[in-house]
Structures are given as C-alpha cells and as structure tokens.
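What TrEMBL says about this one:
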- B:27-44: transmembrane segment (TRANSMEM)
- B:50-69: transmembrane segment (TRANSMEM)
- B:76-95: transmembrane segment (TRANSMEM)
- B:101-123: transmembrane segment (TRANSMEM)
- B:130-148: transmembrane segment (TRANSMEM)
- B:183-200: transmembrane segment (TRANSMEM)
- B:236-259: transmembrane segment (TRANSMEM)
- B:271-296: transmembrane segment (TRANSMEM)
- B:316-335: transmembrane segment (TRANSMEM)
Amino acid sequence: MKDMNEGWVTADGRKIGGVLMELRNITLKFGGVTAIKDISFDIRDGEIRAIIGPNGAGKSSMLNVISGFYVPTEGSVWFKGYQRGPMKPYQVAQLGIARTFQNIALFDGMSVLDNIMTGRLTLMKSGLFSQAFWWGGASREEEAHREKVEKIIDFLEIQNIRKTPVGRLPYGLKKRVELARALAAEPKILLLDEPMAGMNVEEKEDMCRFILDVNDEFGTTIVLIEHDMGVVMDLSDRVVVMDYGKKIGDGPPEEVRSNQAVIDAYLGVAHD
Amino acid sequence: MFYREAGDFKTSYREDNQTFPIRFDRMGFYVALAVAYVVIPLVIDDYWANAVFVPFLIYAIAAIGLNILVGYAGQVSLGTGGFMAVGAYAVYKLMTAFPDVPIFIHVLLAGGITAAVGVLFGLPSLRIKGFYLAVATLAAQFFLVWLFNKVPWFYNYSASGQITAPDRSMFGVFVTGAQTSATAKYMFCLILLTLVALVARNLTRGTIGRKWMAIRDMDIAAEIIGVNPLTTKITAFAVSSFFIGIAGALFFSVYLGAAEVGEAFGINKSFLILFMVIIGGLGSIFGSFAGAAFLVLLPVLLKNVLVGGLGWPTDLAAHIELMIVGGLIIVFLIAEPHGLAQLWRVAKEKLRLWPFPH
C-alpha cells in the first residue's frame, strides 16, 4: 500500500507529492437536475489525474467546479490545505489554476502571440499610466514576459505561426495554442477538457507528448478529461470514473480497468 | 520591391514589437508626421482649416476614443454625442471659471470629467451586452443633452442657452475665440491628436489592450484566464470617454466657437462617429483616422464637385450629397465589412509580394 500522505515515485521515476487539491462531498445542482452527486477525491502535486465517464456523466461540470466557474451546491474545495470560499473565476486564475476548453475558447481577433500573452495577464502588474506612455515599467515588463512566452512557443513548436491571427488556424493548432495560453500562466494545476477531441492519430500523439513533457519539465499537476481510453490509460497516474454524476471508481489505470462498475458503465449491463 | 521585411532583422523583442515593423512603413510614418507638423501649418488657410483639417483632426480623436470602446473592448455605444457634450460643457465651465489656467490643461481636465461620466454610464455594461447596451448608452445620449438644455448653470445662465468660447491663448497665441488663426487651431488639434493616438496605440498593444480584446472576443474565456471583467470594461469606458471628451471640448472651443447642445452634440453626432469607426475598421487606430478622413472629406469633395464643378444649386447638391454618402457607405460595407483598415492591410500584404507574387 502506498503512503497516501507522503506521495510516491511512479514507475517512470516522477515524484508524486502530497495532496494539492481536495474535493469533499461535492454536489452540484442546476434547478432540479443534479449534475454531480456527493463526489470526493483528491489531486496530488505533480500527478496526471484523469476524469473519465460516459457522456453526460458530469465530467465537465466537475472541471468547472475545480476551475471555480461553478460554485458547488454542497461540499467544499480545499486547495493547498485551505478551504476555498466562493470566488469569481478570475480570482481562481490568480491562484494558479489554468484550463483549456472542450470547444476551443481562444480570442479569434488576436494573433497567436497575443493570445498566449493573455495567459500571463495575471502576472503582469504595470499600471495604466506606465502603459499609456510605454515608459520604463510597461515596456520592460512586456519584454520580460515576451521572453517567457517565447519559451513556451518553442516548447510547443508553434514558432512559425506566432503572428498569425488565431481565427485562421486549423483545429489541431488552435488546441495547441490554447494549451500554450494555459501554460503561459505558469499554473499549479492545469485543467484540460478533452485536449484530444477531434484530432487525428498524429495530432493526438503530439498532444500526448506535450502533456507528458509539461508535467515532467514544469512539474505541473494536470487534470484531464478524455474519451480516448488508450490515451487515458497511458498518460494518467490515477483515474476518477464518473457515471450519472456519481463516482464509480478511483485509482490507478490498471485497477480502474478491471473495476466491474466501470466496465458496466462503459459497456452497459442488463438490468433486471 | 521596396516594401519588404526581408533583410530587416530584428534582434530584440522591443524591435519586434514596434508599431511599424517594416522600414518603409516607418519612413512613411515619419514623412506623414513631418508633412503634418511642418508643411501644412505653412500653407493652411481659413477655408482648409475650417472645412477639412480641424474637423478631421477632432473627429479622428473622437473616432479613436469610440474605437477603443467598440472596436477593442467590444462594448457598443451610441452615446458619443452626449459624451462630447460633456467635454464641451466641462471645458466651457472651466474656461469661464478659471480664465488664467492654460486652455491645454482645461481640455485635458474636460477629458477627465467626461471619463468619470463615461464610467458612470458604463456601469450597466457589466450586466448587459450588445444591442441592449446600445440602448442603455442611447439613454445616456438623450439624458445628457436634456440635462445641458434644462439646467441653466451649465450654460452660465446665458439668454440664448448657447455656450460661447471666450478668447484663450497659449504661449501668447490665441487658440480659441474669433481672433484665432487657422494655423493655431490646426496645430492645437494636431498636438492633441498626436498625443491621443500615441496613448491609444500604447494602451492597445500592452496588457490593457489584450484584456479589452479578450473581453471582446470571448468574455467567459477571458474571465477564466484571470481578466476581471469589471475593471476591464470600466477602464475601456474611462479611456474612451476621456478621448471623446477631449474631442468634444475641441469641437466646441476651437472649431465651433459657439454651440447649442442639441444641434452640435445630438444623436446624429453619435451615429456619425460610429459610422467613422465602422467604415474605418473596428479595432484599428489607423482605421479611426481613415474613417474620419472618409466622412469629413467626402462631403467636402462632393460639394466642390457638384456645386463648384457642375454648377448645381446648393440645396439640391446638399440633398444629393447625403444620398451619395449614404449609398457609398452601404456599397463600401458590402464590399469590405472590415473597413478601410482591412483594405489597407490586404493592400500591404499584396505589396509585400509585388511584383513577384510567388
């Protein structure tokens, strides 16, 4: 049995730390519809945590609770050992939680570079007047952050589209730019909502590589929702399985794969 | 052939970020600046100043202001005329109350007062969007005009209800009032326009500009990456109204000299400036200039051609002129919905490859 408080070292040598975020008895209701029913799980420092489940299981709602977009009806979210009160989404971003969206949410009117620079907004501090005259502070800050952004651009191999307006890019690249924008914020936790949806095999492989590299090089904790089981089983350290808003499985991929409730949920089971 | 970025290597991010990254553009900009500051003041006369240059400069300031709000931050406003009126009445009250303070300071203060009013009327934008916000700003337009008409304090209890700009000078040169020379009017507006354009460019290329555009393109995503929608929208309203207030102050004090609020700053003015922004190109500083030039120059040009060239009666020409301008706007928007700035952009992209497009 692994020591659950101290963390452990994975088979490929990555170190999984203590609990970074804990979700306790989360229930989320929209009017009469219960999207999430009494779910608890934790996210550990440095791990890749997958959330899977059939359509409508409440995965995206769960991600929205983590990202602070939804406030849970019941239950509490604990981050770095403190209970997180009700917050506005932009305040959650300032805590170091970044995300990508299932259907890309980039700023179409801006260039790739500007889009990624928006990821660093929470880190940029220069005031209105400094920016208005582009004296000292604002200009220097812009260059310092540009340098960081260029590293991410290199890392994700999108140098050649730097100045292209995002609206003109193909789907796969947009997904990558969105990942770049999320990474630019230097998040503690990175939430990826179906990062591989609608991609071909090569694009998926690229994306997998980037996710693993991000986790490995920056030590970013990653929470991802994905439908491609192969990807989930390969990438993740631990998997939460949801069905109809309830948690039906939680553990390492191999354990989840052999869990009877999970198999039933995915393959269907005769009810009598 | 001459319009190339090849060989023009950038070795720092600062160089890469400059406003005109292509050398030819940069040269063109400096030439335009030199013409505006050196050549035109020498040759300008009263007709050119009053019919073309001064209104163009002032409308360009207003268009930049509105473009920040509509084009960059995506908040539709039909209250421009009202906000210009705030600038005009603010500068009038300041000029009459503190005659010794330089007019330049008064104009900036008038901008500041308009910014405060703009913020107030911008508050509903936190809850309402699009057409609904447009209607809310329309209310601002009518309310402000009504206010300046009804409260005599604003026009210093003058019998006519008009405001008249007193003579004010800077460095011994009159810039308002009847004795002002064409050159002084022109230079005063030009300096302010240069400042406004510079500040607008700087704001839109940095953090604040990105926040505005993020809110415009997708407000939910913007919020999730850490943009505070409240402060972002409010700064957009403040900066935009600041510029529009300056434009209003100049329009009254330098250009008109005397104004009646409903006539000078009515709903027509709001639409005119909105058309400038749309025709010029939303989200482009250059577009603001282009749109202002288009809508100021076109009527003058048509009048000269119809009355001066073809010898039509003035009243007929005036009506035909309205119809032609209106028709052109429609044709233009169908041909290029993204405005003159987009045409310019496309032309530049073509020019970069010319004469060997492959």
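Cβ coordinates are placed from backbone N, Cα and C, and glycine is handled just like the others.
When the stretches B:50-69, B:183-200, B:271-296 are ranked by Cβ pairs under 8 Å to the transmembrane segment (B:27-44), first place goes to B:183-200. Only pairs six or more apart in sequence are counted, and the transmembrane segment (B:271-296) with the transmembrane segment (B:316-335) gives three or more Cβ pairs under 8 Å, enough to call it a contact. Highest Cβ pair count under 8 Å relative to the transmembrane segment (B:76-95), across stretches B:50-69, B:130-148, B:183-200, B:236-259, B:316-335: B:236-259. A Cβ distance under 8 Å defines the sequence-distant neighbours of the transmembrane segment (B:50-69), meaning residues of its chain 6+ beyond its ends; these are 40, 44, 75, 77, 80, 84, 182, 185-186, 189-190, 192-193, 196-197, 200, 203-204, 212, 236-237, 239-244, 246-248, 250-251, 254-255, 272-274, 276-277, 280, 282-285, 287-289, 291-293, 295-297, 300. Long-range contacts of the transmembrane segment (B:316-335) within the same chain: residues 275, 278-279, 295, 298-299, 302-303, 306-307, each at least 6 residues beyond the stretch ends and with a Cβ under 8 Å from a Cβ of the stretch. The stretch in closest packing with the transmembrane segment (B:236-259), judged by the count of Cβ pairs under 8 Å and taken from B:101-123, B:130-148, B:183-200, is B:101-123.
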